[in-house]
Amino acid sequence: MTADWTPGSWATKPIKQEVVYDDAKGFQAALAKLQKLPPLVTTQEISNLKENLKNVALGKAFVLQGGDCAELFDYCDQDMIEAKIKLLLQMSLILIWGANRPVVRIARIAGQFAKPRSSPMEVINGVEMPSFRGDNINGFTADPETRRPDPSRLVSAYFHSAATLNYMRASLSSGLADLHSPLDWNLGHIITPSIKEKYEQIVTRVKDALRFMHTVGIDIDRGAETVDIYTSHEGLLLEYEQSLTRLLKTPAPPHSSRKTTATTIPPHQTHVPPTITSHYATSAHFLWIGDRTRQIDGAHIEFFRGIANPIGIKIGPSMSPDELTRILNVVNPTHEIGKVTLISRYGAAKIAQYLPGHIAAVQASGHIPVWQCDPMHGNTQSTPSGVKTRHFSEILSELRQALEIHRAAGSFLGGMHLELTGEAVTECVGGAAGLTEEGLGERYTTFCDPRLNEKQALELAFLVAGFYREMDEVDGAV
Ligand code: PEP
Ligand code: CO
């Protein structure tokens, strides 16, 4: 067990983005309820994800993480959940082809409610009120009463997460992920003639590969066993995370690692593995620390250093290389490979200035994390009329630069982290469909940051797949 750590030791440290509840009794009752409820995910699932992320860190797999910026309780809806799952599956199939590696899928879903805000208060129509902090904290409606932190929302968050997760598991195990037939590969309507030919080649090759696998009996649609989608959210609200943290038995290592151990044990000895227990955050498989709450001596790093889940840390221009190394040593003192995913988010104009120094520091430290590029959060800007948006070309540019910088440094860019939705929203500009700033008003429905819509997300997956192919071709790998 981690020295001097308990699920509640974070409370002794300075905290950012704190939520203060006036209803102390209601708050304690909500936490007591959460402490009694069963885990939302199992340690076996968490361990499987850890093993998968270890492969990503070692350059043997790719990770795709995506979903809403701010999930609402209202998104717990059959069509919306299906649209998101299908989009992630379609994108991952394109990336399997492009990166020539298995793809680990992690959704920002079933718990991505709490949001860090730049200011705790805001003024709307002349009335000052608390900012919207996410559906698990307060309501969006611009009214001081609705904006008051309401502890009953913590329990509601658990049940909405449970219902979303239940439908994800049920639909994946019932064939929603049949990758052979229901995919709409006909993306002709979204593309320009200049890239149309390239797309068609990719689609044909993906289809051929699927047909081949089916013919030789290796199906990739054998249900939940093989088409896993893991859940994730920002671990911002520590009282919630603490209440769902449990001391649980750590599952036996996967088959391949067991075999290695077995060969070292003489056959006549009965091997009874010791029971190892660890603390698991059971609200999701994967939690990350946001860019605003990753202070080395702060409450969030304290909580995260004690949980056995794989974790993410956002890193931006304000992180110094030295601080990055120190944080890695605190959250992962045993240098477990792939335990930490570094989610870089500098912006297309700044990545070249900061990423090389961060990579060099990590290489010198001996840590082997997963490197993931979040090309969304450093590229947010406002239109002249004040609408928050992101340009497709800048998102793509940050991804391309990330790939090139990692490659030049002898490091592996293991994945991307996107804000996206299966809905036909108009929140990010650009892409082959040519969404302009004037068109943003049509379906701008996000409650926080602008997301890629389905067409933009698929187009991005195709283009990134193309980058990986190009690089492999340069290396002579294909
Ligand atoms: C987010 O991922 O929605 C977010 C708030 O990101 P960051 O912490 O990188 O700003
Ligand atoms: Co966001």
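Heads up, the Cβ atoms here are built off N, Cα and C, so glycines get one too.
Per TrEMBL, the feature Mn(2+) binding site maps to C69, H377, E419, D449. As annotated by TrEMBL, phosphoenolpyruvate binding site applies to R108, K314, R345. Residues or ranges marked as region 'Disordered' in TrEMBL: 250-274.
Distances between the Cα of E419 (Mn(2+) binding site) and those of the binding-site residues R108, K314, R345 are shortest for R108. For C69 (Mn(2+) binding site), the spatially nearest entry among the binding-site residues R108, K314, R345 is R108, judged by CA separation. H377 (Mn(2+) binding site) falls outside any helix or strand according to DSSP and counts as coil. Sequence-distant neighbours of R345 (phosphoenolpyruvate binding site): residues of the same chain at least 6 apart with a C-beta under 8 Å from its C-beta are D291, K314, I315, G316, C373, D374, P375, M376, H377, G378, H417. Taking C69, R108, K314, R345, H377 as the candidate binding-site residues, the subset whose CB lies under 6 angstroms from any atom of ligand 1 consists of C69, K314, R345, H377.
Proximity of the binding-site residues K314, R345, D449 to ligand 2, judged by a Cβ distance under 6 angstroms to any of its atoms, singles out D449 in sequence order.
The most densely surrounded of the binding-site residues E419, D449 is E419 (count of other Cβ atoms within 10 A of its Cβ). Between the CA atoms of R108 (phosphoenolpyruvate binding site) and D449 (Mn(2+) binding site) there is a gap of 13 Å, rounded to the nearest whole number. The residues near the phosphoenolpyruvate site, meaning same-chain residues not in R108, K314, R345 whose C-beta sits within 8 angstroms of the mean position of the site's C-beta atoms, are E234, W288, G290, D291, G312, I343, D374, M376, H377, H417, in sequence order. Counting every protein chain shown, 26 other Cβ atoms lie within 10 Å of the Cβ of R108 (phosphoenolpyruvate binding site). As a whole number, the greatest separation of Cα atoms within the phosphoenolpyruvate-binding residue list R108, K314, R345 is 16 Å.
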